[in-house]
């Protein structure tokens, strides 16, 4: 019965987790907003009308020190790719420059990188071809004391040049489209790595709320920013609630998680799509997004891969939202609609539905190709559309997706991308960090005051582990040292130094104090978790093991002869590697925040000294308490 209960509870928990982090689509319609059963007008047909497309590029990372091809490729993108696609709008969503030092450890705004970025835009004359909106990312805010600083090169060399969030309205003959920028970059902007998360304060949230209200008059609203919502700290009601009237939120920042997550898309519970775009820096990714009769479609693309294909009708069911889009238009449409772009002439566009060839699409105007169809034939269940495009150079590209017209069907976004985009990671990190620290403190205090058991026979592994914890916790030197270390990890400043050049600051687990401003903790909790899991806890375990060997009558040299040598070597080597990591952290701190931070760092430099002293103490300790344990252990081993 117990196993059955546990199994049912586990299954229920997994179901709730999947429901929350792998939302289904389309989102349910609110009461009073059910789909109409009369033909909506206008519907997707054979005319080149009611069609708007834009391009997004993110995480460009123009660098003075590495990969000069980023620069030449970006110039080719601006001069050739934009010429071919001819978007009405380009959104460059942050990290325009790299802002790292040559050794990749330090960070600073490099004016030469900004001049290179500006020169690319000027030489390509891209601003004459389209509306170019570029916004800041966390790299564009590294080491900036305040927005009026002369080192805030974004104001001097970008196209937009205005700090803060804003609302841009794009006007077309068939309606207005709102684009709301979320600027969550930090001010002051600390050096790396402690500005990985964005922060919005109450005033910024009020501004965004007003923009969201203004945008309700538009056909559609698209929010865009550098940070995914999971990496934005915002006060109640939260950034996702604020953008719930938006059709989509476009962002970057995560760089496909180093290639582990090439697709990072999900959907908020209110129906807003969250679409993270892979980086330009290493992957040369960009996005084509279109509104066709107010139906949103998009494709994430690789630079110089032609032809570019986007099916705008019927649109993908996975990326549909009945709250924000007139999905009825698909059912009443008369033509399949496709956008196709290539440097060469498009010679063939073959359309297949459910592996049945429907025919070849014909060009209407520019990049729009259409094929007459009967959507009523596909009104039940899921269907698969494939479009294969060939150009005069022999290049072939295929685009496909699943579409459907029934209300009661659903598809789920992948679980891990949804967790990455929808979980509030700073909250999870804060909770996990607190639990780990409190667990170690509870372990210390419990064994400190728990009565030590009497050893009566040859003890097993579990008994020896418990015994070593008793010895450790009841020996004042080690108990108070590790207890103080854990309390300090939560409460004390980890280091004091120039978090921004010319401005002293202090780093705590719960945030940063710099330039008279407090920045909430986010990545600090992640660093704290790593510190606990890969140093504080292993250090305590290592010291317990050393003390147990002392209790068994061994010295540092003699234990190699009486304990399995391989085990001893592995344990000491593991601790040596962790200590080496701690030493490297001291070096990283010095390179990142300066020499003063290196010396005023209790959690890095001082901890290396403390660790060395504690390890030395375990092998040289000669206290009456330890002699008692040694006698007890010898009596147990001889019985």
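Any Cβ shown, glycine's included, is placed from N, Cα and C.
Annotated signal peptide per TrEMBL: 1-26, in sequence order.
The predicted model assigns the domain 'Calcineurin-like phosphoesterase' (53-256) a mean pLDDT of 97. Annotated domain 'Calcineurin-like phosphoesterase' per TrEMBL: 53-256, in sequence order.
Among the features that TrEMBL reports, domain 'TMEM62 Ig-like' is placed at 304-404.
Residues annotated as transmembrane segment in TrEMBL: 427-450 (among others). Residues 466, 469-470, 472-474, 479, 482-483, 486-487, 489-490, 509, 521-522, 525-526, 528-529, 532-533, 536-537, 540 of the same chain lie 6+ residues outside the transmembrane segment (427-450) yet bring a C-beta within less than 8 angstroms of a C-beta in it.
Positions annotated as domain 'TMEM62 C-terminal' by TrEMBL: 434-561.
Annotated transmembrane segment per TrEMBL: 478-497 (among others), in sequence order.
Per TrEMBL, the feature transmembrane segment maps to 517-545 (among others). The list of residues near the transmembrane segment (517-545) in space but at least 6 beyond its ends in sequence, with Cβ under 8 angstroms from a Cβ of it, reads 186-188, 190, 193-194, 196-197, 199, 231, 233, 425-426, 429-430, 432-433, 436-437, 440, 444, 465, 468-469, 471-472, 478, 482, 485-486, 489, 494, 507-511, 571, 574-575, 578, 581-582, 603, 607, 611, 614-615, 618.
Per TrEMBL, the feature transmembrane segment maps to 566-584 (among others).
A Cβ distance under 8 Å defines the sequence-distant neighbours of the transmembrane segment (596-616), meaning residues of its chain 6+ beyond its ends; these are 477-478, 481, 485, 488-489, 492-498, 531, 535, 539, 542-543, 546, 575, 579, 582-583, 585-586, 589-590. The feature transmembrane segment is assigned by TrEMBL to 596-616 (among others).
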